[in-house]
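What TrEMBL records for this protein:
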BINDING   Asn21, Gln54, Asn72, Gly82, Asn83, Asn157, Asn190, Glu208, Arg209, Gly218, Ser219  substrate binding site
ACT_SITE  Cys81  active site, proton donor
ACT_SITE  Cys81  active site
ACT_SITE  Cys217  active site, proton acceptor
Amino acid sequence: MQQDFDTSRRLPFLKMHGLGNDFVIVDSRGRDAIVTAELARAVGDRHRGVGFDQLAEIRSSDAADIDLDFWNSDGSRAGACGNATRCVGRLMLDETGKDEITIRTERGILIARRAGDEVSVNMGHPQRMWDEVPLSHPVDTDFLPLEGEPVAVGMGNPHAVFFVPDIKEVDVAGWGKRVEYDPLFPQRTNVEFAEVRSRDEIRMRVWERGTGITLACGSGACATVVAASVRGLTDKKVRMEVDGGWLTLDWREDGVWMTGPTQLVFQAEFDASFLERV
Ligand SMILES: N[C@H](CCC[C@H](N)C(=O)O)C(=O)O
């Protein structure tokens, strides 16, 4: 593997999770970015590495408090990751002592705020045009021409949200994987299955592009409240139960706000021999 960093050095990282959506976080501020697709796959392997749903790399920014890049465990890039943004938001809020910080991701500058013990992030405005999601050709994004007629929503990454009468009956892995690779999605897609319990409560399960079933997905939760609201099934503010716990979503004038808990699990470092084997 081509590397532009010194493998004789160790590589410190943090393991964090938001509702069981788990992340390895590497802080590359003050040096060149070091994460490559190969490194992401090696670290993401739960046997050879440590495993994660996404790897997040913090970088110095000239436009916000930090820049943040996301990788899936198959080595692909994710344009957005709401739960990792909340986790890194927590780190930066604690580091700076501020109540609000800015994070530049591929989709633009996001704001993270303290919300009691939890962290809120404004995940920005949803993308509802077919070519923004993106889809492969013009269709009605409120009712995609697929079995189950999902809603297409971009949150900096693509999502297809299905409404189902009973979430327990859904084969999330089988159905999710089929939709992820449907030719309607030229960059593949994340897939959400949502059971609306009331106008302000949704139960959601997710199949993540490049990762598979996860216990939560922040951008997917944002996409789901947008989809439910567009279909007239819920209000714009909902509580959402995912496999890993509860999030609050609020689609406001300035974007979709997501609030929930974050957890630091451990701090460790990859040693030189691990990095040399990548
Ligand atoms: N877990 C993330 C989303 C990852 C999406 C990723 N699987 C993609 O390829 O877009 C979240 O909290 O928003």
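Each Cβ is built from the backbone N, Cα and C atoms, and glycine gets one as well.
Positions of TrEMBL features highlighted on the structure.
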{"residue": "Asn21", "record": "substrate binding site", "DSSP class": "strand"}
{"residue": "Asn72", "record": "substrate binding site", "DSSP class": "strand"}
{"residue": "Cys81", "record": "active site, proton donor", "DSSP class": "coil"}
{"residue": "Asn190", "record": "substrate binding site", "DSSP class": "strand"}
{"residue": "Arg209", "record": "substrate binding site", "DSSP class": "coil"}
{"residue": "Cys217", "record": "active site, proton acceptor", "DSSP class": "coil"}
Do you know which of the active-site residues Cys81, Cys217 has the most other C-beta atoms within 10 angstroms of its C-beta?
-> Cys217
Which of the recorded positions listed here (Asn21, Asn72, Cys81, Asn83, Arg209) have a Cα atom within 10 Å of the Cα of the residue listed as 'active site, proton acceptor'?
-> Asn21, Cys81, Asn83
Which value in Å gives the longest Cα to Cα span across the substrate site residues Asn21, Gln54, Asn72, Gly82, Asn83, Asn157, Asn190, Glu208, Arg209, Gly218, Ser219 as recorded?
-> 17
About how far apart, in whole Å, are the alpha carbons (Cα) of Cys81 (active site, proton donor) and Arg209 (substrate binding site)?
-> 12
May I have the list of same-chain residues other than Asn21, Gln54, Asn72, Gly82, Asn83, Asn157, Asn190, Glu208, Arg209, Gly218, Ser219 whose Cβ is within 8 Å of the Cβ centroid of the recorded substrate site, in sequence order?
-> Asp53, Phe70, Ala78, Ala80, Cys81, Ala84, Val206, Thr211, Thr214, Cys217, Gly220
Cβ neighbour count (within 10 Å, all chains shown) around Asn83 (substrate binding site) = 35
Sparsest-packed of the listed binding-site residues (Asn21, Asn72, Asn190) - C-beta count within 10 angstroms | Asn72
Same chain, 6+ residues apart, C-beta under 8 Å of the C-beta of Ser219 (substrate binding site), given in sequence order | Ala80, Cys81, Gly82, Met123, Met155, Gly156, Asn157, His159, Asn190
